[in-house]
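Marked as ATP binding site by Swiss-Prot: GLY170, ASP171, ARG172, GLN173, THR174, GLY175, LYS176, THR177. The annotation site 'Required for activity' is assigned in Swiss-Prot to SER363.
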Amino acid sequence: MVTIRAEEISNIIRERIEQYNREVKIVNTGTVLQVGDGIARIHGLDEVMAGELVEFEEGTIGIAPNLESNNVGVVLMGDGLMIQEGSSVKATGRIAQIPVSEAYLGRVINALAKPIDGRGEILASEYRLIESPAPGIISRRSVYEPLQTGLIAIDSMIPIGRGQRELIIGDRQTGKTAVATDTILNQKGQNVICVYVAIGQKASSVAQVVTTFQERGAMEYTIVVAETADSPATLQYLAPYTGAALAEYFMYRERHTLIIYDDLSKQAQAYRQMSLLLRRPPGREAYPGDVFYLHSRLLERAAKPSSRLGEGSMTALPIVETQSGDVSAYIPTNVISITDGQIFLSADLFNAGIRPAINVGISVSRVGSAAQIKAMKQVAGKSKLELAQFAELEAFAQFASDLDKATQNQLARGQRLRELLKQSQSSPLAVDEQIVTIYTGTNGYLDQLEIGQVRKFLVQLRTYLRTNKPQFQEIISSTKVFTEQAEAILKEAIQEQIELFLLQEQT
C-alpha cells in the first residue's frame, strides 16, 4: 500500500502557491470578417490605435489605418494566403519600426528591413520608427554645403546642396535612374552614406543597379531598399519610409546622407490601391485626399539640422515619372511644390543624343549658388543664361536664311556648350574637371574645333591636367577658389593641348 507523506504534499502545495502569478493579461483581440486583395476587415479590436500593428493567428502582420464604427480595416504586410474568415487577430500595442545599425551598409533589404540578398541576418540593437516626425523650423539651418553629383549640367547650373530636396522628373526611359545612380557613384570618398529606395520596379532593373554599385565599389557606403513590382501594395507604400528611417539614423549621428526614392509615382499608385480597397473616398485622378501628405511628410524629413543637432544632413532626390511630358498632373505638381527645385529630363533631348537629357531652361534649384563652391560660381555663373539665349536663337534661326557673323558665332558657341554638357553614363566628373570643361567652353577655346571633336579634346585636356599639372587640382580642392594662379595654369594647358590636338587631327 502506498503511504501518503503529509510533509511532501504540503511542500508541493507551498511550491505551487509560490509560483502562482496573479498578473492579469488583457489581450485586445478581434475576428476576421473578410480577407482578400491585401486587405482584411476585422470585427472587435476595440482598443486598437490608428496605424498600430496587428498580428494574425498564422503569423502575418498588418497595419490598421482604417478605424470604422463597426469594424477595422487592416492592410497586410504579406500575401495573407493562410488567413481564414473567423480566425483571431490580436493588437500588438506597437507601431511600425525597424532595426537600424551600421551593419546595413552594403546590403539589399526589403521594406521591413529584412535582408533579401542571401547574405545572412543583419545584427542591430537599436530601433527607429518608420514614421518619425520631421525636424522643426528651429532645428534646421539653411543649406550651404554642395553635394556634387558629378554631372556638369547639374553642378554648374542646377546645384544641389546637402539637406536639399531636388526632384528628378521626366517621362519613362529618359535617364532619371541614371542621374540618381551617377550621383551615388560620385559620393565615393566623400563620406556620404547613400540609400537607394526602389519602389515597384522590375527585379531585373534593381539587380542591374546593384551590380553597377558593386562593380564601382559604391555598395560600401550604400543601402538598397527594394520592393519590386510583385510586392504587396502595403510594402511598396512603406519602402520610402523605411529608407528615410535608415538615412535619419545616420543623419542624427552627424553623418551626411543621400536618399533616392525611385520612384514616388509608383508609391502613390500603391497607396491609391490600398485606399480604394479600404473604401476611402477617391479624389482627383482617383487618388485619396491625403496623397499630398503622403509625400510631404516623407520629403520634409530631409534636412540640414542646426549645429546643436550635429553637422549631419539628409539630401533627398525623389524621382517622379510623367506621362508624355505632362508636369501639370496631380502627383508631379504635388512633389514640385514640396521640393526645393526640379531637374527636368526631356524625351526629345534624350532622343536627340543629348545625355543626360536635362532641360536646363525649365530645371531650377531653389537653393542656387549657396550650394556651389566659389570656383564653380566664378566659372559657371553665366552659362545658364548663355544656354537659354542659345536655345532661343536656335529656334529663331530655323526660319532665318542669312544670319550675320555675330549670330553665327553665338550659335557655334552655344552648340559647343551643349556638347560639353554631354556625359556617358556612370562616368561622373570631379569638381576640378568640371571647372576645366566649363572654362574651356565659355571662354571660346572650343570655337576652333569641330563639334564632333569637342568631347575627344576635353578628355585629352583633363587627362593631361591630372597627370602633368596636379597643382591645379590641389589649388581648387584646398582653396575652393578659381585663383589667378589656377587660371594661368589652365590657360597654358589649354593652349598647349589645343595646338597639339589640331596637329594630331591633321595627320
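Including glycine, each Cβ sits where the backbone N, Cα and C put it.
Distribution of Swiss-Prot features across the structure.
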residue: GLY170; record: ATP binding site; Cβ contacts under 8 Å, 6 or more apart: LYS176, GLU321, THR322, PHE344, LEU345, SER346, ALA347, ALA357
residue: ASP171; record: ATP binding site; Cβ contacts under 8 Å, 6 or more apart: GLU321, THR322, GLN323, SER324, GLY325, LEU345, ALA347
residue: ARG172; record: ATP binding site; Cβ contacts under 8 Å, 6 or more apart: GLU321
residue: GLN173; record: ATP binding site; Cβ contacts under 8 Å, 6 or more apart: ALA347, PHE350
residue: THR174; record: ATP binding site; Cβ contacts under 8 Å, 6 or more apart: LEU345, SER346, ALA347, PHE350, ALA357
residue: GLY175; record: ATP binding site; Cβ contacts under 8 Å, 6 or more apart: LEU345, PHE350, ARG355, PRO356, ALA357, GLN425
residue: THR177; record: ATP binding site; Cβ contacts under 8 Å, 6 or more apart: SER205, VAL209, ASP262, ILE319
residue: SER363; record: site 'Required for activity'; Cβ contacts under 8 Å, 6 or more apart: MET157, ILE158, GLY341, GLN342, ILE343, PHE344
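The record gives GLY170, ASP171, ARG172, GLN173, THR174, GLY175, LYS176, THR177 for ATP. Within 8 Å of the mean position of their Cβ atoms, the other Cβ atoms in that chain belong to GLU321, LEU345, ALA347, PHE350, ALA357. In this view, LYS176 (ATP binding site) is surrounded by 25 other Cβ atoms within 10 Å of its Cβ, with every protein chain counted. In three-state terms derived from DSSP, GLY170 (ATP binding site) belongs to an extended strand segment.
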